[in-house]
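See structure below.
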Amino acid sequence: MDALIAKADAAQPLSNKRKRTHHSNPKPGPSRKPDKTSVSIIKNTSLPHSLRSRTNETVDAPQYKHIANPKLRRSLVKTSTHIAQSQALLSDAVDLLPSEESGFAQAEDPLERTWRLSQADIVKQAGGEAARGRQEMKLDGGPYRVRYTKNGRHMAIVGRTGHVASFDTLTGAVHSELQLGETCNDVVFLQDHSFYAVAQQKYAFIYDRDGVEIHKLKAHISPMRLEFLPFHWLLASVGSAGYLKYQDTSTGQLVAEHRTALGACSVLTQNPHNAVLYLGHQNGCVTLWTPNLPHPAVKVLAHLGPLSSVSVDPSENGRYMATAGKDGSVKVWDCRNWKGAVREWTLRSSGKGGAEVEWSQKGLLAIGSGGSINMYTSPSIKTPHHPSSQPPLYLTHPLPSASHRPITSLRFAPLQDILTIGHARGTSSILVPGAGEGGMDTGEGLDLYEGVKGRREREVRGLLDKIQPDMITLDPELVGSLAPPSKLTTNTSGGSGSSRAAEIPFARLPRAERLRVSGKADLTEEGVSDADLSDASDSTKPQVVNKEEKEKKKMRGKGKSLKRYLRKQRKNVIDPAAVAIRAKIEKQKAERKAEIRKVKYGDEPQEKSSALDRFRRTSKE
Amino acid sequence: MVKVSVLQHDLSAHTATRPGDPTPVSRNLNPLMHPFSRARERTRALNAAKMDRMFSKPFVGALEGHIDAVEVLAKQGDSLSTVASGSWDGGVIVHNLSQRTHIARLPQAHKGKVTGLCFAGDSRLLSCGVDRNVKLWKIASDEPLNVFPGKYAFNSIDHQRSSSLFATASTLVQIWDETKSAPISNLTFPTSTETISSVRFNLSESSILASVGSDRTFTLYDIRTGKAERRVVMQMRANALSWSPTFPTNILLASEDHNLYAFDIRRLDAPSLIYKGHVAAVMSCDWSPTGTEFVSGGWDRTVRIWQTGQGHSPEVYHTKRMQRVTSTLFTNDARFVLSGSDDGNVRIWKGKASERLGIVTARERAAIEYRSSLVDRWKMDREVGKVVRTRHLPKPVYAANKLKNTMLESRRVKEERRRKHTRAGESKPKSERKKVILAEQS
């Protein structure tokens, strides 16, 4: 019995034992004889960076020394080390992986301007395969709208008179061509090029690649615009009745139906990073919608007059939005705070249809208005600039003739430097250097040369990973983040909540609270920042200061005696002395504020004189 | 001159050069190219958790042969497939697990029920019964090699792994030698008048012996000193015990009060962990040979598999026809669990409910591992966690669990109220672990 206990006490934990043997026996014994094969190749080879053991490398992961529970500490350290290691590996991979460069247009001479480049120049300089991106299609079906698939390989066009076609842009092979014979407003590809939906006069219809009608979506009545959310498998439409409808294309269910109550709507776009739909209305409002909210998540009055186009920047997590109104102005908005537009300017020739706006993958903004398309690069359009002047132009492209007007659609081709313009005489594709993302990703389906098997595989995987529609939120990082703290108060220390806390028995308190009550809580984590900030003498003092002491301290400092005097006065008695003191305090406050402002902004006149000043009451009267 | 470069993709880098070649895979690590990666991973985790539940078909098969309830099960130390079972009808059957056949049948091994079984070295079996005999069998033959007559009905038997000694439990613990017909020593605690229900040798220090008895006691003996070393009186009696195969000082008791208690024998004043989950008395327990999990069978007709160190939410196995589980066993490969129950069947279950039997290809294994790590990563998510945690229970077990919770809650509330109305500091709340032990004697 005692022998067993003695042995058990003497026995070391397994991990320690292993470590010790490893250290004490560094030289290879007879059993560790090096392998001949590996010796022969070791001179000429090296392990890939990603496969090398990182145990001896120091990763600066937190060690969690303040946590007493060894099991918890170990798992935390393990997790943080793993994260640090994988981040290091990721940074390695970014360096090592070949990344295809993106295109650009740079002026070598300070007097040169990139916007002077014509398409002919660009085509001449691009040469080869890239030059084939410049194409003109002359079609008679009225103003056209255009749509690309996710990988930018296939394109669908729809003419107002009912001409629908889908084709492969690389080979030029036409998949299907339909003459529907009724007004068609929009076209959108579903998960890939094998299905597309068309917004027709009465309903939306789904066609397969060969142009066979698959579904008639009777719920979508007289749709104007369509949008497909690829990760949620939702087809959304908005129409002349002003209803936004979501239909799940994998199950066929109508997921949500929102009444916008803002009349007919013909502007719809999606934010690809959080799957929120942006609607532009006749009254100048832009509204943001999710399936799980019956009212808009955000509603902004963007323009004075109807909206003509809205687009969301995919290059910065959907942070910026561009809107164009029929009032002839374009505004760029920051979607994190809606305090007015970041930048706005007026278009020279907006035409009667209003302008079209579209962001490219790399954050290029194209604006098509009147008879020309102007393109702007990123930093200048997103920096606040007060006078409403045009940002510096990057490229411009005029349509060949006035008969091409109006421009009804602008689409950048993903993964390519191509912008396709839909207009009254067909479509034209122009080259825009620096518009497309260079690196392809096979797993995400962002592959221009994706094969049939890859496409099928991706379709199945996409269905398995389908995100439920009610998980669409403004903040896409909400999933998997920490839950908000519980509203149930369990504060057991004194104060107003103590009576309630007393009702909760000790055994039913949360663990952290129980530890705190029993004095075993780990306060080091909170203490660290305090200790760093305050002096050593301060940190030794008890942190808790009772109310009286606080009050006493508050009395000190300059100019507080007036306030103390006021506090002692009775509030409901109007005493001329007290009134005077109150006025004096107000005056001092204003002076202090002015001083601070002066330090901050320099001395310039704070308020501009306005026409309404004449009605202002002077303070002396 | 304005320098212009237009994006151009190399076709040969993205397509297979010859037919039959694998398509080149390209990766773009820019997070903007992977929207909703977290939400998609969560969906994948949820699917993985659901698939795990869908694939969980733990029942492998039943070994028939007994006419009456199965009372004991015993495994052979160095064999993966040989298992013996003893029944209330006095019969003993030696099963081959992999072929599900009978290696040996001893229909009348004892008169009355067989209460104890254990293997004694190579192909020999020791059995004891209420007929006051211990019999030593050669597995192939029908006649016992030796019969050891005792004075009292025996309740349990255990053989030392590396010698010819074995211990029996009746009103006292007796140590026998295979070569001698009378017990070589009697071990009792001086003041005890109890019936010992189970006895087990320590696996590492083979002279140490532990027993549990009807006096609500748990006793430790040493053969060399020939006396009881420690004794602990608990709130309720324990039905079975099992020594940990990896930590020699750890022992597990299956108690009548629905709980399992893990003890470190260096500190007998409180159990090191309480395993709560059964809704009736726990009748048996057995460690997996890895020591990371153990199995228990209960009066509530369920078999439960516990992870060491996790005192709650065990895996629950049940079937319609399985009655009170009297004996359980973990097989020596740690993959299967056996249960013997009142309905006379020995059942084989998988140790991991959703494990796939048979050959698993490398791709499949990778997928399984990926799924399990996904579930592990997302188990804090409300929906994923719910799928992972929830187990379907038979209605009576579910109702009993609810009733038990209600009773415990009301007891707790009463205690709390009583404490609130006594003078402050007069009665302190006692921790659950401290409540278990009534007295420690030595």
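Each residue, glycine too, has its Cβ placed from N, Cα and C.
Per TrEMBL, these features apply:
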COMPBIAS  B:423-442  compositional bias 'Basic and acidic residues'
DOMAIN    B:352-437  domain 'Sof1-like protein'
REGION    B:410-442  region 'Disordered'
REPEAT    B:107-147  repeat 'WD'
REPEAT    B:275-316  repeat 'WD'
REPEAT    B:318-359  repeat 'WD'
* Asked: When DSSP states are grouped into helix, strand and coil, how many residues of the repeat 'WD' (B:107-147) land in each?
  -> 0 helix, 22 strand, 19 coil
* Per-region confidence, the repeat 'WD' (B:318-359) (mean pLDDT, whole number) -> 95
* the repeat 'WD' (B:318-359): DSSP-derived helix, strand, coil residue counts -> 0 helix, 17 strand, 25 coil
* To do: Take the region 'Disordered' (B:410-442) and count its residues per DSSP category (helix H/G/I, strand E/B, coil), listing them in that order.
  => 16 helix, 5 strand, 12 coil
